[in-house]
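What follows is a set of notes on a single structure, which appears directly below.
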Amino acid sequence: MGADAAIGQIKDAKKRYAAGVLKYAQMGYWDGDYQPKDTDVLALFRITPQDGVDAVEAAAAVAGESSTATWTVVWTDRLTAADMYRAKAYKVEPVPGQPGQYFCWVAYDLDLFEEGSIANLTASIIGNVFSFKPLKACRLEDMRLPVAYVKTFRGPPTGIVVERERLDKFGRPLLGATTKPKLGLSGKNYGRVVYEGLKGGLDFVKDDENINSQPFMHWRDRFLYCMEAVNKAQAETGEVKGHYLNITAGTMEEMYRRAEFAKELGSVVVMVDLIVGWTAIQSISNWCRENDVLLHMHRAGHGTYTRQKGHGISFRVIAKWLRLAGVDHLHTGTAVGKLEGDPMTVQGYYNVCRETVTKTDYTRGIFFDQDWAGLRKVMPVASGGIHAGQMHQLIDLFGEDVVLQFGGGTIGHPDGIQAGAIANRVALETMILARNEGRDIKNEGPEILIEAAKWCRPLRAALDTWGEVTFNYASTDTSDFVPTASVA
């Protein structure tokens, strides 16, 4: 869509910098002929202009307000390399099937950003434009981060390959569970849950997002009892085990204190919540790199701005930022569980975490090729309302580089926690064996599980309890280029 001549950039310097108010496109924030440079940061926004606001002018406003513009002409622009520093909206297209919405592509010169700082990147890209009155709504759908910029970040402290080597576990997804109930248990009872899950065959057990240091269980007690459980389970099974010790706290000083204690106890992994903020995430990532500890990221709070299709930030962008910031594990959705997630869209999140180069794929919501410049890969985590009866779907959708976390699907087992873990481990090993034998696990999966359940009572009980449980609701965040998929 080209700019109307009436709002094209004013080339005459006297008119362009005369005191007063100009349209953003007139100030140069729209350039339909611009060809992005390899070093540009590119952003794709979904915008819904107010009635009567031209889509091109709205796109130019987004470019302006996320770079150098203000509401009026300022002569101090002439003291800068304004033409270079000015972000440029260079393409606008209607969103398929969404009247009144437009995709707009914006290019930013690399010099606008501080190296290695997600806080600075987000302050520009999302810092101001989402409250801008000429827009009814605005959503950041995707970004292309140039190699020159990616190389300024350290990325995951461990990565998938090294994690598997440390754990000595290959060729299958990792298994986990979140301790339930998430709040209220004493330290000793909490540790017993951890032990039972690990003894039954899980690789990890996990603190939930809101278990920190409350009156019913001080964080130090939790760490001590959990690591006692980990060590006991390791000794009895001969496998490396772990528990995601949540070190989220009110200050960085306290987070470091908890991380140091976790390391002293021999933990291979610590956990933080997304809500601690970008600077805290990058800081604790650096600590994990220096101390050879895995960093598990719980995406607590993301749904407040990622779920609605018209306004906010797509989770694929959050996943890109977190890979730069440096996390080893990231909750990325299940598609078949209780939480929001269209299957193809969720696969796009996984691609962002695990690929060396993420290719454009509109059906999965990916609008740009992204070269990760050798950054280590993030292990995606599927968690939330999944059970053993869905094992074939999960492996078919996500492959083997994933942590499958069955919280209620382990701890809610009718024969106890250890039986729940056994059911999940047997279902996993059975499905991986079937896959390796060349069977069609997507279609034969239920039959394969039923056959395995004949000789595994815990799996049979799990299938009897949850085999018919599904969460088939229409997703709110889906690709605009395909209908909502179903995995039922």
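A Cβ is built for glycine as well, from the same backbone N, Cα and C atoms used for every other residue.
What you see is a predicted model, and the numbers here were worked out from it, not measured in a lab.
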With ASN128, THR178, LYS182, HIS331, SER383 listed by Swiss-Prot as substrate-binding, which of these, ARG220, ARG222, ARG299, is given for the same site? ARG299
Just how many other Cβ atoms lie inside 10 Å of the Cβ on THR178 (substrate binding site)? 25
Measuring Cα to Cα, how far is LYS182 (substrate binding site) from LYS206 (N6-carboxylysine) in Å? 10
DSSP three-state assignment for GLU209 (Mg(2+) binding site): coil
Other CB atoms within 10 A, centred on HIS331 (substrate binding site): 25
Just name the most isolated of the recorded positions LYS206, ARG299, going by other Cβ atoms within 10 Å of its Cβ. ARG299
